[in-house]
């Protein structure tokens, strides 16, 4: 770690919190989620705690392949770039991580939005690259179904290449503002990118000068083989799913090897496991909080999710009966890890309802429940072992859990010297200990290599 | 006019002002144009004057078909949606008009960005629809040249249709937030749009609830036959080029006839001619200000523009010599009105330099120069005659001319009862005297017509 302390990123997908039905929690917001004041207050709390970033996840569709999803799930949410642009005006230090899809955007438009946000925020913009796996998303963009996995990642790599070239298309010294001579820009420092790939043709240059950070920081969450390779080639911060120190150390080792193949040092990639912190005064209170969360789940939604996950139609089965025979794994066309989890639960003779609720209430990332000191203990252990550079904090219920973490766990981490007590000056990239990327066009000239033809 | 006073919209394309080389003016900003504080101050001044909107124009390319354009023209500019999202956090009343292209965006993404901005700003978002005519723009989006004019307008109409359907896809009462029963939404009030047209296929629904304004206000500037038809079918506010009261009245009459064909009343379209106000203490000072503006033009840029406008290569001709023979109008492949303007100047034996400067310094919209009272006289005359519902104010040099208008002309208009002295409560749409659009899905049900199949 450049600065010697952990990175803390406050995340949300559902603005009500990261439990699937957190919107039902007595403390979660209702229509406030469509009001800027709600996000303004989250940002104020996060910046007060000196957190590194606010990270807004996203989909470009509502989730309706699961039958009762529209009725029971909080599908409606604001768009991250607009929220974070608004927050750039009322924050000063915190990083602003917006999710955007390489499958359903054009590189010129997205490079421009992020370059612009980076200027407006004085170097605090970050882009969480997603490839949008849902069929529901594909159908909103003229496709009949989602793009095949490997193809999505190829497209993402090409997209990032075009976007970073656009960010480089105006060198840092390109603009002269020389009123007397009338030279606004030095044409030799402004470049067409002439990108012509499998998925995109983009001439450039961008019509925004180079972002303060050179390139906005790039986040990605992929952990498949293609995901890891994309991260090793192009990404600054990885949102990872890690369940133990051992797993984290193995993951780091694997990523370091992949980084090396791209000539990158381990330091150039920050790995942030996702965790779900539940702050409580005692173990009993923590358990009670978890129980309340689990009680939010609805039987019919859970059973529809189980139908979706197993390929069985369970809507007419008695909920307290046993599960019918599960499909053969070898010919199963869905997520096999889900099927196997269900098979394990079914073998214990749980009812359909019990299996469904169990499955629906199991999140992807570890829950870290306890007192502020207990939570800090675990965050410290993973961090000092090298299994994590910091954490992507996914709160079960907003704003409560976000505020509890910021006001109770952060001070504990600060006391232990594990987290900053004041923001360091500079850009987000600098605070994360990431180098400012060299400009590919300037670098080509400096190394006396063939410089792309100057057309201006 | 619903509210009995004129509409005033403060416009910029170049953030340095609307003269082509305003960036060279001694009072214009340099790197401040990439800093949010610059826009924050413009917004503060505009909102203090109770102006209706801030209108940010845009291109999605730098302008480089004219040889010296990159060196001398201020091509670099931030993206409007990010600027205006940021300003939504630091303003309370003023409308936020962002320009975005129907030729180079996807309806789902753009509908979502505007819906989100409309929520964040509590009903102050407006979309200036452009169809992006420049070849430079096409080349950034995988095309070899710009889409043919009629085709661009067809695409724009289809795009607006899809976007407005997405805004309607959640009815106003769709979200229930019923924590006890677990019903987040009423599935019968959430609709797929199943748009399948010539240019787009979009299933929907959007994943943002219906915007506070129903639909964000739609601006458009087209005045060609296809432009006028698009406006009559889909647009709320037109930015028009009008040079006299007579022209304005004819334009209004023509548009009223077109509106009637779509079952729309004259009141449902506000027409705002563009004007370039230059506030001065005296006629002499106004003339001096105009001279300074004209002096900003550079000979080589002006001559390159003349080459571009005539199809002649004038770069090697002596600037003080006469113009070579102009191309035959009948076979000319450029803008004929420009060619004819040049022919008129050439017939007066002006030199290449003189013709080039004259042409380069002529803007598209009328200059209204004078004392605050003189400017108010002209604005009043056009407004009371019915030739204009208000004005799109294009300032030669920012921030100076913007501030002068806001602090000197607006008070004069207020004294005359022609402009508001306080913001009326409500959304931008309400303040502009525009009805909130009916929801097409709700309307179909209310009229007991065939309702699009409910899938949820």
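Positions of Cβ are set from backbone N, Cα and C atoms, glycine also.
Just so you know, TrEMBL annotations are computer predictions that nobody has curated.
The feature domain 'Luciferase-like' is assigned by TrEMBL to A:21-386. Under the heading FMN binding site, TrEMBL lists A:58, A:99, A:149, A:153, A:223, A:224.
The structure, with features from TrEMBL marked on it.
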| residue | record | DSSP class |
| --- | --- | --- |
| A:58 | FMN binding site | coil |
| A:99 | FMN binding site | strand |
| A:149 | FMN binding site | helix |
| A:223 | FMN binding site | coil |
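Annotation for the binding-site residues A:58, A:99, A:223: lowest Cβ count within 10 Å of the residue's own Cβ, A:223.
Note: residue A:149 (FMN binding site) has non-local neighbours A:133, A:224, A:226, i.e. same-chain residues 6+ apart with C-beta under 8 A of its own C-beta. If you compare every pair of Cα atoms in A:58, A:99, A:149, A:153, A:223, A:224, the residues listed for FMN, the longest distance is 20 angstrom. In this structure, of the binding-site residues A:153, A:224, the smallest number of CB atoms within 10 A of the CB marks A:224. The predicted model assigns the domain 'Luciferase-like' (A:21-386) a mean pLDDT of 95.
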